[in-house]
Each structure stands twice: as structure tokens, then as C-alpha cells.
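Novice: For reference, Swiss-Prot lists these features for the protein:
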| type | residues | note |
| --- | --- | --- |
| BINDING | ARG49, THR50, ARG99, HIS127, GLN130, GLY251, PRO252 | carbamoyl phosphate binding site |
| BINDING | LYS77, ARG161, ARG212 | L-aspartate binding site |
Amino acid sequence: MRHLITAKDFNKVEIMELFKEASDFLDEKPRTFLKGKSITTIFFENSTRTLSSFESAARRLGARVLRLDVSRSSSSKGETLYDTAANLDAMSPNAIVVRHANSGVPLILAKHMHCPVVNGGDGKHAHPTQALLDLFTIYNHFQGDVEGKKICIVGDIKNSRVAASNIELLSRFNLDITLVAPPHFMPNTHLKKHYKLDENIIANSDIIMSLRTQTERHNKTVYASLKDYANDFCIQKSLVKDKKLILLHPGPVNRNIDISDEMMSDERTLVLKQVKNGVAIRMAVLKKLILENEG
């Protein structure tokens, strides 16, 4: 049984096959690959973009979508994770997409399911489809020439599952990664790191990936105000200038904290392209896992 718990679950050849399939899906035309199939989404954390993206992907492939309302589910009434898995499995879905605040939950569910489980984000651990869509966006922009491209990841890296998944995946494709964050947001790492964003760092980057400050994962107040954080880490036109690069963000963007209003409207900012690419990548992932499982 194949699952997608981390980006490591797909090798480089498989990822390139996903990219080829996703490129075809960018036309947004409905397909029937998963006609008659059922996909269950169960998100224990709030989500707009990721949940909507997965559900759009499933429907464009012809699948039915069952969204479980966690606030009203038995899990909110004390049901164990094992019982939740057993009940989900009894519904005989063809795939389950799960998001949870605790790292490891998708893997635990996968051990008890008879269908593919896709991790829609678990704690600080992983967000594999976000990393795949980010690399897909980079790959398309540079027409496949990504090896050696310099990417600067800026923000709350230590608490970000997006950063964790991207660092693993981008390293496999030999991108040159630099991390920029205040000391309390910087993980232990062998990668190049800086504690303040400046013009020189941006001038030496092909890609900037800005991250949201994960205030919900902080045990204590780090900044008196997010504006204090923005003074050192907000991506602004005055820093970027006319540098030829692309700017990414997994969303939601805290405007004028993560990225300035001016840069959000800049043609180098590909946030909306990431959203479009995300649906296509998730279509490719769902198709691959479900059809391989039943093949």
C-alpha cells in the first residue's frame, strides 16, 4: 500500500512523472480517471487553501468527496485515533487526506487503513504536497533547469512543516539552500544560515520563499509585535529592487509582515500560480496513489 506521508515517499523519477501529469492537468478540464471513487478529507486543523485544493483536485478527477466535520466528529468527544481510523476504514474510501496538529498522526492512520493516506500537513513534521507544488512551480519557471539554483527560505523555519518538507525535497534536486530567520526561528542545520535579511542575500538568490510566522506553535511570546519581526524579515521592494528572481509563499500571507503589499502585486510574486499548480499536483498525486493501489 502506497501512502504520501513525506516527500521521501516518492523517488525522483516518480516526482518527474507527477510533474508531467500535473502539467497536463493545468488546463483545468474535468477528467474521469477517478469516476466512481470516493475520497475522504478529515482536517483536525483549520484550513482553507489546502482543503479546497484537495477537494477541487478530487472533483476534477471525477471522484466523490466526503468532508468529515471534525468539530462534530467522535474524535472531538474522546474517540481514540485507532477507533477513528477503524471507522474511516469501514467506510471503504479509496483515499483519505488528513491534516493534524500533532506530528505523526497521518502515519499512524496509514498503518490501520486499507487505502492510501495523503498527509495534508502534520504538526511541524511535513507537508509533502506543498513541497511538491513549490518545486513544480520552480521547475516550470526555470524550464527544468533547477540544479544549483539559489533559494533563500525566510521566516519561522523551525516551526514550519512547509520548510521541513521543502528542505528535504529541494536538497534532493540539488538546489542551493540558504535559511534566513531570527535565532529562535532557526533550526539546527548544516545549511547556510543568516539571522537578518539584507540586500546581499537577495542579490544572490534566484528564489525567495517567505514563510508565515507560526504564532500558534509558539510556547511564549517572541515579539512584542509582528511589526518588529517585519522590520527585519518582510520581503519589500526596497530590498528586492530589480533583481531577477521569483517570490513564493505557501499562504496565508500576512501582508506587510511576510511580504509587502507592493511585492504582492509584483509580477515576480508567484503565490497565485502556486495555488493553481497545487490543484494540478494534488490531482496527479491522488490519481497515482488510487490507481496504483487498485491496479
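Glycine is treated like the rest: Cβ placed from N, Cα and C.
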Novice: If the carbamoyl phosphate site is taken as the center of the Cβ atoms of ARG49, THR50, ARG99, HIS127, GLN130, GLY251, PRO252, which further residues of that chain fall within 8 Å of it by their Cβ?
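Specialist: Checked against the 8 Å cutoff, the neighbours are SER47, SER53, GLY120, GLY121, VAL162, PRO250.
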Novice: Calculate the distance in Å between the alpha carbons (Cα) of THR50 (carbamoyl phosphate binding site) and ARG212 (L-aspartate binding site), and round it to a whole number.
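Specialist: Answer for this pair: 15 Å between alpha carbons.
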Novice: Output the one of ARG49, HIS127, ARG161, ARG212 that, of all these binding-site residues, has the highest number of other Cβ atoms within 10 Å of its Cβ.
Specialist: HIS127
Novice: Restricting to the record's carbamoyl phosphate-binding residues (ARG49, THR50, ARG99, HIS127, GLN130, GLY251, PRO252), give me the longest CA-CA distance in Å as a whole number.
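Specialist: Result: 16 Å between the two most distant Cα atoms.
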Novice: For each of the binding-site residues (GLY251, PRO252), count the other CB atoms lying within 10 A of its CB, then report the residue with the highest count.
Specialist: GLY251
Novice: Across all the protein chains here, work out how many other Cβ atoms are within 10 Å of the Cβ of ARG99 (carbamoyl phosphate binding site).
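Specialist: By my count, 25.
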Novice: Can you tell which of THR50, GLN130 has the most other C-beta atoms within 10 Å, given these are the binding-site residues?
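Specialist: Of THR50, GLN130, the one with the most crowded Cβ is GLN130.
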Novice: What's the CA-CA gap between GLN130 (carbamoyl phosphate binding site) and ARG161 (L-aspartate binding site) in angstrom, rounded?
Specialist: 9
